[in-house]
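Q: The structure's right below; bear with me while I get my questions together.
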Amino acid sequence: MHNINNGYVPNREKTITKRKVRLVGGKAGNLVLENPVPTELRKVLTRTESPFGEFTNMTYTACTSQPDTFSAEGFTLRAAKYGRETEIVICITMYNEDEVAFARTMHGVMKNIAHLCSRHKSKIWGKDSWKKVQVIIVADGRNKVQQSVLELLTATGCYQENLARPYVNNSKVNAHLFEYTTQISIDENLKFKGDEKNLAPVQVLFCLKESNQKKINSHRWLFNAFCPVLDPNVIVLLDVGTKPDNHAIYNLWKAFDRDSNVAGAAGEIKAMKGKGWINLTNPLVASQNFEYKLSNILDKPLESLFGYISVLPGALSAYRYIALKNHDDGTGPLASYFKGEDLLCSHDKDKENTKANFFEANMYLAEDRILCWELVSKRNDNWVLKFVKSATGETDVPETIAEFLSQRRRWINGAFFAALYSLYHFRKIWTTDHSYARKFWLHVEEFIYQLVSLLFSFFSLSNFYLTFYFLTGSLVSYKSLGKKGGFWIFTLFNYLCIGVLTSLFIVSIGNRPHASKNIFKTLIILLTICALYALVVGFVFVINTIATFGTGGTSTYVLVSIVVSLLSTYGLYTLMSILYLDPWHMLTCSVQYFLMIPSYTCTLQIFAFCNTHDVSWGTKGDNNPKEDLSNQYIIEKNASGEFEAVIVDTNIDEDYLETLYNIRSKRSNKKVALGHSEKTPLDGDDYAKDVRTRVVLFWMIANLVFIMTMVQVYEPGDTGRNIYLAFILWAVAVLALVRAIGSLGYLIQTYARFFVESKSKWMKRGYTAPSHNPLN
């Protein structure tokens, strides 16, 4: 990157100017300005020639329309005015993440676009294919986005702060649109990168929403305002903080290009491990890394084989735009998707509406799950969803208990109620145009596999306690511990487990995670101790049973069940990880994960169900942003009949130099930034809390009755005759085997396609050998 002025010292007194500008687009009353970029930025640009002036001018639009009426009210976008065909739209949504998280994502996107431009043999991509890609950044609230992020956007030419005004002719501005084709990138170390790093120009649309209206509203701007204007083929969704691999976006796009019936594709999300994998020293991060790996090796491949992935991760996923479009009658995937925004926005405004839609509001906490189901079950179509393992992206995972609980509360509640929704509406599959074979397998996945998984999830608390109770109860019959030694040890840990679970209910109902993080941490540690104790007792039981084998013992059946269960978990996990050439998490994270299983099973489940009244995304809506009616644009007709506006602003060159100074200051004093923000849940009304109580009571009593029934039927020391324990162990084995078979099927399918495509290329290129692994 060419050296940008380093000798600048900021001046406290800024130059204020007033000027009249002629509006360049839109209809009467729409403010669209062409503003020159700062002089210092123009000096370092390698490309300045363009018939549209896209490298030397930034377009600002004060959008007074709602997203659904964007085009109808005369608003448009640069790419449409230039007559360009858009193949991919890349949308980055953000709230108040820091500049390091934003730079990490944006620089990764620019490297992906550079890769598209480097594919000279492609029929679609090539040298100038950056013109086919539009990057859209949507910031959720002008008073919420961090100033440091705006400084990075200013440095790349994509933002000029002095242009944003809350009103135009007394009409409220709902979104500020800044459009610029940038040639500058800033990496996560806050260092400038340019064309000497083989980066290509990138068309950027920065949409700065005036009010904070949640992420789903940001997607409304994307899908209902911008996409109808751009009409892209594929839409890629990214969260700020996610670092896509250099080929991730191409690999996602290729899934759509290869199969015309693919409506959505999920990339592989990896936990950010840090330099030298330092983050794995945190057990919480290590357990999440293992969980993500299991999902990417076992769950996602199985679902992809069926054609229906229950959730496409918002951090890295893609959709075919034509598949998202509604039917002519207004029903369809997007209509169902945005119903969640209407429900949640009305939650605090209309109590009666809240009563009618409480369960739907919880369901739409996982609105992306609803979108996935609506795509696969879209009437008269045969869309499928695919997992693209070669499209990878790193994301920062919660590193504290409070952040972890807040994130998983929404995931668990949304997933549970969304699963009920898809099970209830599974008959919609018969209105699709899928083949009979596909419909059959979708029923197997959705109605059988998902139903069994849902039942196990619902009774996971009781299954955990009963497994702990019967496994540790085997000590009661051990004579080596004395006449009553085994009984008292069992009783002590049994009461400890009951006390911890009871405490979790109390603290989850009455406390926020950020206010009670030490209590939650203590309870998680105690649960881990219980799990460690149960693990030790299990091994003792296995060793003792083997030692007494053939002497008339009655524990052989349960012994076989335990061994099979262990092989189905540790064994199959290890085997599939090796087959996928990705075994390192088994060595670095498996111990942390298995010790954290009780916390995943109990702590997260209890906290989520005890907070079903909270139907927020974890951020408070900014319904009353700071407004100044005097700070607005006034549009008038001049003597020539043209529309013009008076602008009072500061010197953009001075502003730009000050921005560069601030970025360098942050770079020299750079601290490790996480990109997280504390999120305060909305207060629920009395009705929502009443329903929460009923849900928790029903769930708790159902699990309690099941526990009491099993405890009455089987004695703790009679492990050898315990059919329930054997059933649970075999059920775990069977479910793990099903996942492994599906994962293996996906692997075979992937390699088969790779070799078929390679053979076709060999025939065309003179038998050139394949140069890469299909999974990478």
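Count begins at 1; order follows the chain as displayed.
Yeah, the Cβs are placed from backbone N, Cα and C, and that goes for glycine too.
Quick caveat, the model's predicted, so the values are computed rather than measured.
Heads up, here are the entries from Swiss-Prot:
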TRANSMEM  451-471  transmembrane segment
TRANSMEM  487-507  transmembrane segment
TRANSMEM  523-543  transmembrane segment
TRANSMEM  558-578  transmembrane segment
TRANSMEM  695-714  transmembrane segment
TRANSMEM  723-743  transmembrane segment
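Show me how these features fit into the structure around them.
A: With a cut-off of 8 Å between Cβ atoms, the residues of this chain six or more beyond the transmembrane segment (523-543) that come close are 401, 467-468, 471-472, 474-475, 493, 496-497, 500, 503-504, 507, 555, 559, 562-563, 594-599, 602-603, 719.
For the transmembrane segment (558-578), the residues of the chain that approach it from at least six positions outside its boundaries are 293-294, 297-298, 538, 541-542, 545-546, 549, 585-586, 590, 719-720, 722, 725-726, 729-730, 732-734, 736-737, 739-740, 743-744, judged by C-beta separation under 8 angstroms.
Same-chain residues lying 6+ beyond the ends of the transmembrane segment (695-714) with a Cβ under 8 Å from its Cβ atoms: 458-459, 461-462, 465-466, 469-470, 505, 509, 609-610, 612, 721-725.
Here the transmembrane segment (723-743) has long-range neighbours at 297-299, 301-303, 305-306, 449, 452-453, 456, 463, 466-467, 470-471, 557-558, 561-562, 564-565, 567-569, 572-573, 575-576, 580, 710, 713-714, meaning same-chain residues at least 6 beyond its ends whose C-beta is under 8 angstroms from one of its own.
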